[in-house]
Amino acid sequence: KSSKREWKPLEDHSCTDVPWLLLFILFCIGMGFICGFSIATGAAARLLSGYDSYGNICGQKNDKVEGIVNSGLDLTHKKYVFFLDPCNIDLVHQKIKSIALCVSACPRKELKTLADIQKFAETNGSTLCSYELQPSEYTTDPRAAKLCPKYPVPESAPIPFFHRCAPVNISCYAKFAEALITFVSDSSVLHRLISGVMTSKEIIMGLCLLSLVLSMILMVIIRYISRVLVWILTILVILGSLGGTGVLWWLYAKQRLSASALETQIAKDNLQALLIYAIAATVFTVILFLIILIMRKRVALTIALFHVAGKVFIHLPLLVFQPFWTFFVLILFWTYWIIVLLFLGTTGSPVPNEEGFVEFRMAGPLKYMWWYHVVGLVWISEFILACQQMTVAGAVVTYYFTREKRNLPFTPILASVNRLVCYHLGTVAKGSLIITLVKIPRMILMYIHTQLKGKENACARCMLKACICCLWCLEKCLTYLNQNAYTATAINSTNFCTSAKDAFVILVENALRVAAINTVGDFMLFLGKVLIVCSTGLAGIMLLNYQRDYTIWVLPLIIVCLFAFLVAHCFLSIYEMVVDVLFLCFAIDTKYNDGSPGREFYMDKVLMEFVENSRKSLKEAGRGGGAEGRELKPM
């Protein structure tokens, strides 16, 4: 036997991987220290209240900075940051290349001349030129050309909570987008695209809601159409491969028989290429037919699992809303992470730069805190996703191994969350850390590859890409193994390493079934995603086409289709997760139970029919012969 330890589903619960949970808690305390340090050093006040180019925080009294003339001012009544040239954006250093001043009010209408700026200062008491100029000098002092804002000054409004004057007109943002999207040669096209998005925002929101509804409906009905989808998919693949191969051989024969086609060297090269393509397509078609022939019996298990997964969603309707909770928690964490990152950007001591203005920089080991912060982003995000996987696994395991479905807990999802919090947070922390340790080196290599683009030689570029590809493959394999390890932990309450080993043994014993589920099943779910995107896109075309005021509605349609694919991916990924958990439960059930008294199956009636059909096929083929016999032997 490959595994001597008996599986005892849901019989007892114990805490798993406690040291790793303590490590995760210590890491989170470190993340909190970074946030507290940045607030204590004044970064929060600088971020929220804003500061000018001389190191003064707006809306309060300030201390003098050595070597800076206009520092240490009392700006109690000047609470808003105003940029003299707000559209001058430096994409390389991600900042606005403009002098920043503290003003008492933002210009709520366009100011076209220095006289308008002077009148605005006299009327509203808000001086938009540098501190050393008085309003009466705006039109007479020659320094006003450098110390006053670039005119016309656009209409501005304060950003809520952040006290920055931002231009109301979108043309400034369009110029920023033009710098990012360099392939748009006609700036008017970009302006029309942005205006199309702004004017069709109600339709975009409605179509996004439609994609959400379609995804939820598909998750309910997919169990009824799974058999049809599988056979349609199989027929399309067979016809596509045969048709492609036939066309290639037809083109080769046509050019071979044409006398004029072989007169030039280019024609001969094309003929040889066609022959190579036709041979490769023929080999591919033969291999594909052999794979379909071998996997045909295991497709029935995929159909049965999809059918049972549909029943799971009927008994556990809260599973449908699982992506919402995960997305909501991730948004909360990412918001916190970005705020702390902004704090870190304004943390440190004021230092004069080359232009005579003030920058805030950290010295010593503290300047590496943002690395710790980046690791926290990856680890905690993976931890939240792993909590979702463990929650889904726990709920599906409870459903599968409860013989009488009417005896299920009132809310299996909440019961699974309770088990996760009480017993298995350490396992989730360890699994997410393993993914983090693979993902961060890959991100570093991708960053190096981006920075060295055009500078490295071909060999170094090839090695970098190979390393990135290998790390990506390793990350995907570990993610799949982690998910099955969480299922094993939910069943047996064992630690991460034991669960991963036990799950791996089960998966290896059922390798061909795993291959069938991960090819046919994944492609079925991909077809579901395509169906949702196409339906939403078609509805978008019909709605936007009737709006004659929109000259360009391609960008709104692209946004809607991308959102529809994202929503479909989130929902159908939960479906895929349920199918994977059901398969592991099914494999364990068939390995340790045979249907005899005292060893009754836990499985659903549909899966029971699959087992009976497999037994009949086994008896007809002869017990113990080939891969099929080895797979069905435990039953």
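The count begins at 1 with the first shown residue.
Using the three backbone atoms N, Cα and C, a Cβ is placed for every residue, glycine included.
TrEMBL entries are annotated by machine, without manual review.
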Candidate ranges 501-522, 523-544 [criterion: TrEMBL lists as transmembrane segment]: 523-544
Note: vs the transmembrane segment (20-45), the recorded stretch with the largest number of Cβ pairs under 8 Å from 203-222, 228-253, 274-294, 327-348, 523-544 is 327-348
Are there 3 or more C-beta pairs under 8 Å linking the transmembrane segment (300-320) with the transmembrane segment (203-222), counting only pairs at least 6 apart in sequence? yes
Sort out the residues at least 6 away from either end of the transmembrane segment (274-294), same chain, that have Cβ-Cβ distances under 8 Å to it, and list them. 234, 237-238, 241-242, 244-245, 248-249, 251-252, 255, 512
